[in-house]
Amino acid sequence: MDQQPERREGRSFPERKGQKRKLEEGAAAVEDREISAVSTDGGQALLSEVAAQVSVLNSAFSWQESDRAAAKRATQVLAELAKNEDLVNVIVDGGAVPALMTHLQAPPYNDGDLAEKPYEHEVEKGSAFALGLLAIKPEYQKLIVDKGALPHLVNLLKRNKDGSSSRAVNSVIRRAADAITNLAHENSSIKTRVRVEGGIPPLVELLEFSDSKVQRAAAGALRTLAFKNDDNKNQIVECNALPTLILMLGSEDAAIHYEAVGVIGNLVHSSPHIKKEVLTAGALQPVIGLLSSCCPESQREAALLLGQFASTDSDCKVHIVQRGAVRPLIEMLQSPDVQLKEMSAFALGRLAQDAHNQAGIAHSGGLGPLLKLLDSRNGSLQHNAAFALYGLADNEDNVSDFIRVGGIQKLQDGEFIVQATKDCVSKTLKRLEEKIHGRVLRHLLYLMRISEKSIQRRVALALAHLCSPEDQRTIFIDDNGLELLLGLLGSLNTKQQLDGAAALYKLANKSMALSPVDAAPPSPTQRVYLGEQYVNNATLSDVTFLVEGRTFYAHRICLLASSDAFRAMFDGGYREKDARDIEIPNIKWEVFELMMRFIYTGSVDITNEISKDLLRAADQYLLEGLKRLCEYTIAQDITLESIGDMYELSEAFHAMSLRQACIMFILEHFDKLSSMPWQNELVQRTIPEIREYFCRALTKSTTNLQSLRL
């Protein structure tokens, strides 16, 4: 059920991200406007501009100041055009890649050249920048690398080695690192080639560079190179990058600690041995500190990394909590940033695999925000919240808190996007159900007695769904839980009515599992059945009934054995006692014939059309077996439109099984009945009978359970 969020590679497109780039004053500003005009003009003007700049690069590879100035401007123009992704194809097709490649290195130095090198490092910087922008497509990444860019870019990373230190040196190193980042982005083969070309050691060294932008660029490149590449990860660690990266976690520069935590996260991902080294190197507390960073990206990466630290093969779950991670993680659950909430829920879900952490997270206020996230329409966020709640449900100390904050209703009523989340929620409810006994149940009963009304109702609702059948009588009869549910059912609040009805329906089904009553009743045991051949047969008949002017031949011995009504008729002081012919008024012939057929055979086929008249006759003549068969037949035909009439019928003829079926129908279909204008009146009318039914059913089910155990 645990699903780790995907890590993402970084990519360095600073200008595409809206960061401002400083342009040289004067003519450079004018040139920039000219470039913008070309890029928006398109067509032939663009092709001509690209061709012109490529021609300059191909012809200006020397230390002459005019060549250096022209080459610098050409790289700037191409880079400016490449910021528009729609123009990249035109630039590459125009031959820009090999031309820019040439200028990744300084031109050869001749004896006649000046001692001072004009625009030193700046042309190389511009070339690296432009090539990085062109690496927007995988095929262009490969083209640039196949042309031999990597060795030159790696050499640019070492420009500070000759002792020179200037803004230009810093810039060329940074652009080289950014270009490597973009070339290797989501390209495993190029990541490997960077390592083979020796790119990782200088990048690790640059983590300690004095210029913060260079540090950030180096960390960004290492982050990309470490992503899903085990050999690169191992070399980064072997180059002793961890101590510096951990120091960078504490930087006040958000951009630096964001890249640093990203590198560490990619190193740790799917690499248990590196995770162990990272923890040994002291990363835990700085990462926890980033949870309170002003940078949401750093917070997100830190939460994800803590979730990785707390995976099932780790023993540091408790340490993470002890060092103060829980409260900031819970605060992050309430952020407007969806990804921040997702990573926080992920981390808490991992931490909640420890029993003491489960109690601590709930005690610190984690339950409410996690339950709220179940309303999210983001499937990944919803699932991570559900998984965290699944962990918290494993601790008995949290069960009452789940119920007190309305967690059971939240889990039951939620609309979950993916099947994995639905399964997780089902398992959470099952886990909670298994814990409602012993001290947990005693605590809940205590809350149901002394808490404010809203809490009492939540407890009663939860117990109706989750309690064991053997505890139903204690909870709902002895401790008044039934009255709380009936109070909800009789409420004027529709939501409360629906919750009460659903809980009562669940409770009824549980009790019926031990005392099933919805199956078709068997024929009653009777001492005398003469058989089908004696139905309306004059043979040995000693009494006849006159029904609608027709004669029905019967036998006293069979009638006496069938019901108290006939025994009173023939053995009591009524005039029918000695009569040979008895008139039966107010009953149809077909109804009387079916009633007598039941008396003679113990069974009869009952149709919907005749069932109500037959029920009336069965009630009049006290034929309980026939009455139950009629009630069962009628109950199969209950609808939203007929439920009111059916309930009246059950009252008129003391039809207890039919009345129970009506009650169950009302509870099961309460949401649909709520739109009926007469619904509220019907509910209020049935509440006394519902109370009586549950008192009878819960007492009976408990007795049955006890007898089963004996």
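In case you wondered, yes, glycine gets a Cβ from its N, Cα and C as well.
Copied from Swiss-Prot, the annotated features are:
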{"type": "DOMAIN", "residues": "541-608", "note": "domain 'BTB'"}
{"type": "REGION", "residues": "1-35", "note": "region 'Disordered'"}
{"type": "REPEAT", "residues": "85-127", "note": "repeat 'ARM 1'"}
{"type": "REPEAT", "residues": "138-185", "note": "repeat 'ARM 2'"}
{"type": "REPEAT", "residues": "188-227", "note": "repeat 'ARM 3'"}
{"type": "REPEAT", "residues": "230-269", "note": "repeat 'ARM 4'"}
{"type": "REPEAT", "residues": "272-311", "note": "repeat 'ARM 5'"}
{"type": "REPEAT", "residues": "314-353", "note": "repeat 'ARM 6'"}
{"type": "REPEAT", "residues": "355-394", "note": "repeat 'ARM 7'"}
{"type": "REPEAT", "residues": "429-468", "note": "repeat 'ARM 8'"}
{"type": "REPEAT", "residues": "470-509", "note": "repeat 'ARM 9'"}
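Beyond the repeat 'ARM 3' (188-227), the same-chain residues lying 6 or more positions past its ends with a Cβ under 8 Å from any Cβ of the stretch are 7, 9-12, 141-142, 145, 150-151, 153-154, 157-158, 160, 165, 170, 173-175, 177-178, 180-181, 233, 235-236, 239-241, 244-245, 248, 251, 253, 255-256, 259-260, 262-263, 266-267, 269. Counting same-chain residues at least six beyond the ends of the repeat 'ARM 5' (272-311), those with a Cβ under 8 angstroms from any Cβ of the stretch are 4-5, 7, 233-234, 237, 242-243, 245-246, 249-250, 254-255, 257-258, 261-262, 264-265, 317, 319-320, 323-325, 328-329, 332, 335, 337, 339-340, 343-344, 346-347, 349-351, 353. Applying DSSP to the repeat 'ARM 9' (470-509) sorts its residues as follows: 34 helix, 0 strand, 6 coil.
Long-range neighbours of the repeat 'ARM 8' (429-468) within the same chain, counting only residues 6 or more positions beyond its ends whose Cβ lies under 8 Å from a Cβ of the stretch, are 390, 393-394, 396, 399-400, 402-404, 406, 408-409, 411-412, 474-476, 479-481, 484-485, 487-488, 496, 499-500, 503-504, 506-507.
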